[in-house]
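Working notes, structure below.
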Amino acid sequence: MSTLFSKGLRPGLYAITDNTLTPPNQLVSAVESAILGGAVLVQYRDKISTDIERLRQAADLQSLCQSAGVPLIINDDPELAKRVGAAGVHLGQSDRSLTEARQLLGNQAIIGLTCHDSIELARQADRTGADYLAFGRFFHSGTKPEAPPANKQVLAQARQFQRPITAIGGINADNGAELICSGADLLAVVGGLFGHQDIEFQARRLSQLFSDHHPLFHSHS
Ligand SMILES: Cc1ncc(COP(=O)(O)OP(=O)(O)O)c(N)n1
Ligand SMILES: Cc1nc(C(=O)O)sc1CCOP(=O)(O)O
Ligand SMILES: [Mg+2]
């Protein structure tokens, strides 16, 4: 695997949970299906549950992800990540700073940063030691329609930073290939995965895009 990838990160499907699409009592089995279908990274994203519910759900997902060997990322909340022993945290521009999260979680934690459509934000994220750079949204998103739009050219420009690149926003198995061909290493997907009845099948279709299009799967080195 290229030196671009460390801390258990690898190119592939990044499955992000959503409480409106997956009721709490189906969360673990839904994520299990995504992992069986090939998800290489999971994010627990929950904006509505109580602290107690979030703690229980994050702990359940951490047990599952640990057994499966798939890193679990917690959205927004470094304290919760620390509490459940998750692999890391995803932070947006209005969330806690990477420096604070790094102090809390340590050098081995995976910390991903939202860069929207901005190479300047990506440069800052690179300088502060982000473990991956996230750009989006690339298509209409039912999950977050208000997210600012992004152009796929930003993915190619971001290769200069030598960090794993994540694409997000309205991605599904029919439109994800062009983002991988433009430079994405991870496709972060909510509705295009958990919005379907057959989560494992969609995860397989999304994962297949990497075998078909990601340069690392065609490398002979
Ligand atoms: C992989 C990934 N990319 C972007 C986001 C969005 O983060 P943020 O801008 O903080 O928005 P919220 O998700 O908190 O609404 C993400 N969560 N994951
Ligand atoms: C959480 C989030 N952040 C985005 C961004 O552009 O920063 S788009 C988005 C929602 C992703 O869900 P779906 O795959 O259903 O569109
Ligand atoms: Mg956030």
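Cβ from N, Cα, C; glycine included.
Feature annotations, courtesy of TrEMBL:
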type	residues	note
BINDING	GLN43, TYR44, ARG45, ASP46, LYS47, ASN75, THR114, LYS144	4-amino-2-methyl-5-(diphosphooxymethyl)pyrimidine binding site
BINDING	ASP76, ASP95	Mg(2+) binding site
DOMAIN	13-192	domain 'Thiamine phosphate synthase/TenI'
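Every protein chain shown contributes to the tally, and the Cβ of TYR44 (4-amino-2-methyl-5-(diphosphooxymethyl)pyrimidine binding site) ends up with 26 other Cβ atoms within 10 Å. Largest Cα-to-Cα span within the 4-amino-2-methyl-5-(diphosphooxymethyl)pyrimidine-binding set GLN43, TYR44, ARG45, ASP46, LYS47, ASN75, THR114, LYS144: 17 Å. Rounded to a whole number, the distance between the Cα atoms of ASP76 (Mg(2+) binding site) and LYS144 (4-amino-2-methyl-5-(diphosphooxymethyl)pyrimidine binding site) is 15 Å.
Separating the Cα atoms of LYS47 (4-amino-2-methyl-5-(diphosphooxymethyl)pyrimidine binding site) and ASP76 (Mg(2+) binding site) is a whole-number distance of 9 Å.
Proximity to ligand 1 at the level of Cβ atoms, with a cut-off under 6 angstroms, picks out ASP76, THR114 from the binding-site residues LYS47, ASP76, THR114. For the binding-site residues ARG45, LYS47, LYS144, the greatest number of Cβ atoms within 10 Å around a candidate Cβ is found at ARG45.
Long-range Cβ contacts of ASN75 (4-amino-2-methyl-5-(diphosphooxymethyl)pyrimidine binding site) within its own chain (separation 6+, distance under 8 Å): ILE16, GLN43, TYR44, ARG45, ASP46, VAL89, HIS90. Taking GLN43, TYR44, ASP46, LYS47 as the candidate binding-site residues, the subset whose CB lies under 6 angstroms from any atom of ligand 3 is empty. Most Cβ neighbours within 10 Å among the binding-site residues ASP46, ASP76, ASP95: this distinction goes to ASP46. Each of the binding-site residues GLN43, THR114 was scored by the number of other CB atoms within 10 A of its CB, and the lowest score belongs to THR114.
Taking a Cβ distance under 6 Å to any atom of ligand 2 as the criterion, the binding-site residues ASN75, ASP95, THR114, LYS144 reduce to THR114, LYS144.
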